[in-house]
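**Q** Quick one: the structure is below, questions incoming.
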Amino acid sequence: MADVEQGSAVPSGSAGVGSAPSGGAEPVNGTAQFVSTAEGTALAYGSLVLMALLPIFFGALRSVGCCKSKNSSDMPETITSRDAARFPIIASCTLFGLYLFFKIFSEEYINLLLSVYFFVLGILALSHTMSPFMNRIFPTSLPNKQYQLLFTQGSGENKEEIVNYEFDTKDLVCLGISSVVGVWYLLKKHWIANNVFGLAFALNGVELLHLNNVSTGCILLGGLFVYDVFWVFGTNVMVTVAKSFEAPIKLVFPRDLLERGLEASNFAMLGLGDIVIPGYLKKNTQTYFCTSFLAYIFGLGLTMFVMHTFKHAQPALLYLVPACIGFPVIMALVKGELTEMFSVNGRYRRNRSSGISYCSCVIAASVPHLPSFFFTHLELLHPAWHFLPLP
């Protein structure tokens, strides 16, 4: 969530939006370093921005459907002010713990375990992402059989359900397609497979994570702002973990794609935490949604501009947080709705004057590294394929 960075090999986890110096023609260890062209750099940055906007936009649309759903299993998870205040502390402890792990144990074995872990998570996240599309394109002529996976413990009156999962043929098709992508990622670590999983994680994070009010969003974003700046500028912990960590927790795009095609290896990257961070206020008009959307584009563009100008990785939240909070607040002041905006509470309400439903939710995700996936108190695993351990 912190910096955009480019490397000479398939990236192993960036903190956010970053770029390694594009370098010159001077040899590095006897090998001439690649010099990116202006066209290649523009293509990489533009593609990253586009890939960042897609899960935000479509995840937001799907989140409204979750809010309106009458099925309690489809309702998004909600984080409270107390959770928001604790999260940067938990994330910091986890990040430092990972740093110690990489210093003490072999990086190869740690990443092997993480690859298997994210192989499973990626398949489930991608399956959930694909399910609405599969419902539309699945041929009606084919039977859609229902299945149930049930594990129990004990017998008689002491019998206890461990797993009770219901699924159908459409879910199996989604799982099969996702498994192919998962095997591709596990064996090749190809940047396209990385991006497919990364987009699925980001879209699910935007869709399934809600905050109970705008104030909670401000608390969380403020804490993560300090977290991001401290661990990027104050220490080398985040950069060390990012470069050692191999997982689809970032979006990447090669700057040398025009020269080397799909085998390109000089990457610009954007951490997933920088994608799921914007605050959304979805009202009966789309004013606040559009304002937050534009604020995110402005903040991300400013991050890339500063990074490219000073040739140094940047903590994206340094620019995204002021933009994503400031723009909606200014809009609320102009419309005279500042008090109303901060008083909105809960996931779903009805406007008394117009009778138009709207969903008030601030979406935020946290860390671009393993803390975003391992240490979470929100239970996003339930019988509707909502499996994505984002905080």
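Every residue gets a Cβ built from N, Cα and C, even glycine.
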**Q** Identify the transmembrane segment range according to TrEMBL, selecting from 172-191, 192-211.
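**A** That would be 192-211, per the transmembrane segment entry in TrEMBL.
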**Q** To the transmembrane segment (316-334), which of 42-64, 84-102, 192-211, 218-242, 293-310 is linked by the most Cβ pairs under 8 Å?
**A** 293-310
**Q** Have the transmembrane segment (218-242) and the transmembrane segment (84-102) got at least three CB pairs under 8 Å, pairs 6 or more apart in sequence?
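**A** Per Cβ check, the transmembrane segment (218-242) touches the transmembrane segment (84-102).
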